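Data block below; observations after.
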């Protein structure tokens, strides 16, 4: 399918909007009241530090709502204001933050139901309004909604759209797209739908496996089993790795994405030589600025003498998980929570370790003076960060020494 042509036709339709409806000022006032925080602004103005009693907070210098997230949420608010009576749906969570998604539900925005792992679009009728979230939506979903005669409000982050353009270039030049991402993440599902032939690698270990296969060959059945949920239909590693281009899920760990890109560049250079390798390899520049800034900020934060780290964001948020990884790699006790409600009485905290289910840890705040590093994912409002910080102050001051 010519996805580029379909996208162009859709964007020229009267039933498509990606610029909002002219209610930006009113919407931003509402979002400021609901999501911004005077306390967080105070901490910013105090060199990203705040001390009360025995607790000193060190806040990362880049954290929380990114421009793409703020834009998506604002467009969703505008959509409800512009269509006060119409049925409004969204194809997925607008962003990976439970409080924001719950706010949309309170505004009577319906979430497309999922049955046996498949979205049930039969609930959508002609004339309904359907929001595409910040992660985007697959080509097939857009086709379904377009065929139904829906008003489509597209809040896809421009950085995600940039990746789509990259994989479409790969497809046009008959290159396989190697996508650094999570095959079941909404963004990567959407990106792969715009690609031709593709392979999704989760991490550097998987990338090294593929690079070794490119250079030395291997067991095709083993390869296909290893990547059974992460490649295009009919993918053949013996045929489809001669010409490759690199793309990424925008929320992956920047350093790993860059390392994977360099790995494949060196692999193709080694296999095809300096004259021909450029025909076989397409480089990329699709690392999201906001993701990079937040990761750079936590790399700086973990240099401080921290007692512990609190990382705030949705548990299904990829960019938040990678912030957690950075702290753990520095051997800093780190707690990933999605709201202040996870901080429990009795010096207990309910949190999500990397790759594991929620657990409760006792005595997580040490006695005496402590320095707490705080950061949050790109989908986390400042108001949520404020609530977490205030609860840390309150619970620490209530602890009885001894």
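Glycine is no exception: its Cβ is also placed from the backbone N, Cα and C atoms.
The [4Fe-4S] cluster binding site annotation in Swiss-Prot covers 66, 157, 288. A coil conformation is recorded for residue 288 ([4Fe-4S] cluster binding site) in the three-state DSSP classification, outside any helix or strand.
Listed in sequence order, 96, 97, 251, 377, 378, 379 are the same-chain residues six or more apart from residue 317 ((2E)-4-hydroxy-3-methylbut-2-enyl diphosphate binding site) with CB atoms under 8 A from its CB. Per Swiss-Prot, (2E)-4-hydroxy-3-methylbut-2-enyl diphosphate binding site is recorded for 96, 185, 250, 317, 318, 319, 379, and the stated evidence type is sequence analysis.
Per Swiss-Prot, the feature isopentenyl diphosphate binding site maps to 96, 185, 317, 318, 319, 379; the stated evidence is sequence analysis. DSSP assigns residue 379 ((2E)-4-hydroxy-3-methylbut-2-enyl diphosphate binding site) to coil in the three-state reduction, placing it in neither a helix nor a strand. Residue 379 ((2E)-4-hydroxy-3-methylbut-2-enyl diphosphate binding site) is surrounded by 31 other CB atoms, counting those within 10 A of its CB over all protein chains shown.
According to its DSSP assignment, residue 185 ((2E)-4-hydroxy-3-methylbut-2-enyl diphosphate binding site) is coil. If you draw a 10 Å sphere around the CB of residue 185 ((2E)-4-hydroxy-3-methylbut-2-enyl diphosphate binding site), it holds 18 other CB atoms from the protein chains shown. Under the heading dimethylallyl diphosphate binding site, Swiss-Prot lists 96, 185, 317, 318, 319, 379.
What Swiss-Prot records for 187 is active site, proton donor, and it gives sequence analysis as the kind of evidence. Taking the Cβ of residue 187 (active site, proton donor) as reference, residues of its chain lying under 8 Å away and at least six apart in sequence are, in sequence order, 135, 136, 160, 181, 249, 250, 251, 318.
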Under a criterion of Cβ-Cβ distance under 8 Å and sequence separation of at least 6, what residues of the same chain contact residue 157 ([4Fe-4S] cluster binding site)? 68, 69, 71, 72, 134, 135, 136, 250, 288
Go through 250, 318, the listed binding-site residues, and name the one with the sparsest Cβ surroundings, counting other Cβ atoms within 10 Å. 318
C-alpha of residue 66 ([4Fe-4S] cluster binding site) to C-alpha of residue 185 ((2E)-4-hydroxy-3-methylbut-2-enyl diphosphate binding site): distance in Å? 19
Quiz question: given the binding-site residues 66, 96, 288, 319, which has the greatest number of C-beta atoms lying within 10 angstroms of its own C-beta? 96
